[in-house]
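Per TrEMBL, the features are:
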COMPBIAS  28-37  compositional bias 'Gly residues'
COMPBIAS  651-661  compositional bias 'Basic and acidic residues'
DOMAIN    130-621  domain 'Major facilitator superfamily (MFS) profile'
REGION    1-55  region 'Disordered'
REGION    635-661  region 'Disordered'
TRANSMEM  235-252  transmembrane segment
TRANSMEM  259-278  transmembrane segment
TRANSMEM  318-339  transmembrane segment
TRANSMEM  446-467  transmembrane segment
TRANSMEM  479-502  transmembrane segment
TRANSMEM  509-526  transmembrane segment
TRANSMEM  532-557  transmembrane segment
TRANSMEM  569-590  transmembrane segment
TRANSMEM  596-617  transmembrane segment
Amino acid sequence: MESGEQRNYGTDVWVTEQPRMTANEGKASGGEIGGKVSGIENGGKIHDGENGGKVNGIENGGKIHEDEIGGKVSGNENGGGIVSEGDKGMMNDSQIGVTAHDSTTTPTTPNPDDNFDTILTKLGTGKWNIFYVVTMAYWYSLLPYHTVAGAFMAPDVDHTCHLPPNALVYTPEQLYNNSHSKQNDSCSYLVEVSEGRLEKQPCTQWDFDDTFTSTVTSEFQLVCGKKYARATYQSMYMFGMLVGALFNGFLADRFGRKTMITISTLSYTVIALGSAWLPNMWSLLTARFFLGTMHPTSLQTGYILVLEVTELRMRSKIGLFQFFSWSTGTILFSAWAYFIRDWRWLQTAVSLPCLLFLPALYFLGESPRWLAVVGQHQRALKEVKRAAVWNKVTLPPDQELLEIMYRVQEQAVSVRPSEDTSKSTIWTKLYNILMRTAVLFKTPKLRLITIVMCVDYFVVAMLFFGLTLGASSLNVNHFVYVAIAGLVELPSATIMIPIVMYFGRRKMLIFDFAGCAVALLAQPLISEDLKWLSVVLVMVGKMLSTAAFNIVFLYSLELIPTELRTQGMSAGMMSSRAGAIVAPFIMSALDAHPPWSISVVFGCAAAVAAVVVFPLWETMNTRLPDTLADLEGYTNPGLTLDEESTTQRSNENRNERDTAM
């Protein structure tokens, strides 16, 4: 490494690399130094009487006289670096976040293979980590109230046509005796247009059963010709999630995890409370869309934040446990709906607890791993130190932590395409978004991960939400069905934890999808007299699809490098929202067909999702890749020449530093 080379450890913080000399290279003895010594101009003298060998970085390196250098030099006997500060030649350790070592301490050199997981391992798991887990878990418990709102706020309610005065009503005997092939149904009624000739007229009003006091279905008459609007109510939220996922990844990678969590949770709370009292269907659907756009930002970014502050050995447990609260929220939603049968008051009641989450945002910190990757090392160091205080642990010297953070940033390969900001039109912005998304298909391993995860996210969301909303297809009690659906999700967040830790992500993801396929494809074989067994098989499929959903989240997070993590997971989230969007329409389209048709479609989809996982590799007990270079390797044929040279320079700098040390 060249003498005087400067290294950036954070915003506006530079540390000058010091020349390293050995006894064989010669001693600096009383004469002029023919060059710069640690940033100090010629004229500084170093007495060698006590040197006995090496200067700068070697034990017992000699004392340095400060009166002849023209300023104060911060040196010590264990070879501390000499760094000039401005024109005075002074070094203030506090300004660069480096703690001065005691003169009897032997300096430690970070392992070149260390990454941010090394720091998290030293922090361990304590109050700091638990606060993140509990805070975000509480928020997750509130999301099912709106995500599966269609189950209770816009259900398929039994209804009959409200007959006008001129409608004809025939008993079955009259219809049989008069050989009439037409009769009144829930969407039409009979009128006599001429003597002996009957004609069907479409209904304009309906009477609904008294299971619910008021629903979106009954208030806005979403039946018969408007039946599609009921599925749209549910799908509009999912469509918002798809759009939100499109932008969430870029925004969270650029502005940080906490910033986007704050914006999304505040917006979500306001929209959830306000939309409960909107007067018409179109405004309600619009609110559902914007509510959905905030969902992936709070859920996905929060999930990433929690795992980015979690040490390696606890990642599986915490990653799977995160969704325990989601299952709890689903069960509680059934209880809320059972006691509050009016959809407006129900939505208000389940939205008020969002207000309790907002004070926690003040104490929630930014992801130090993300800060390190984007080069904000001083902020990352501050967050790490705060975590050490909360967890009551002692960290290595600041310089060692900064060295690891610098290495993480140094390895980051810039994969964003250049953007022309001179003509910032909507089309230019859309083009830039598409180019950023194309990055996920740029290298072989990343391309494989992206394709497999998009398929699995699409299928698992279709299964998860489709089976949750499937009470009407099985003709069972809505409240009991949703409560059981939430109950069977609990094993995926409890029992599944040790299983995944033992067998790994890949094997269990294949097993869950395959098991779900078997259960759903077996359901049509059950006799109609054994309805309970049909429900059991569907619930087994629901349980395994939930387990697969949790593992897909954890697995994709561990596969995608930090610098592209939210972007990659946003692509997966977009696929999952597409699956969630089509699920209600599949349920509605197949509702008139045999009940087993839905199970067959979902079962085949689960089988496909299991097969596509085979090419992937196991990530259990492995470090999270921080950069694309970590994922692909330093000699990657998928990198462009510019990226390849960037990676090569990164390796050369690392080798130079290691050799010099």
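Note: Cβ is positioned from N, Cα and C throughout, glycine not excepted.
Among the listed stretches 235-252, 259-278, 446-467, 479-502, 532-557, the one sharing the most Cβ pairs under 8 Å with the transmembrane segment (509-526) is 532-557. Ranked by Cβ pairs under 8 Å to the transmembrane segment (532-557), the stretches 235-252, 318-339, 446-467, 569-590 are led by 446-467. Note on the domain 'Major facilitator superfamily (MFS) profile' (130-621): mean pLDDT across this stretch is 84.
Tertiary proximity for the transmembrane segment (259-278) is limited to same-chain residues at least six positions away from its ends with a CB under 8 Å from its CB atoms, namely 139, 146, 248, 251-252, 284, 287-288, 290-291, 294-295, 297-298, 301-302, 305, 344-345, 347-348, 351-352, 354-355, 357-358, 361, 364, 366.
Outside the transmembrane segment (596-617), and at least 6 residues removed from its termini, the chain residues within Cβ reach (under 8 Å) are 448-449, 451-452, 455-456, 459-460, 462-463, 466-467, 470, 473, 506, 509-510, 513-514, 516-521, 523-524, 537-538, 541, 545, 548, 555, 559, 586-587, 590. Counting only same-chain residues 6+ beyond the ends of the transmembrane segment (569-590), those with a CB under 8 A from a CB of the stretch are 150, 227-228, 230-231, 234-235, 238-239, 241-242, 245-250, 292, 296, 300, 304, 437, 440, 450, 453-466, 469-470, 472-473, 552-553, 556-557, 560, 597-598, 601. Beyond the transmembrane segment (479-502), the same-chain residues lying 6 or more positions past its ends with a Cβ under 8 Å from any Cβ of the stretch are 144, 148, 151-152, 316-317, 320-324, 326-331, 333-335, 337-338, 467-468, 470-471, 508, 535, 539-540, 542-543, 546-547, 549-551, 554, 620. When Cβ-Cβ distances below 8 Å are used as the criterion, the transmembrane segment (235-252) is approached by residues 146-147, 149, 259-260, 285, 288-297, 300-301, 304, 433, 436, 465, 566-571, 573-574, 576-578, 580-585 of the same chain, each at least six residues removed from its ends.
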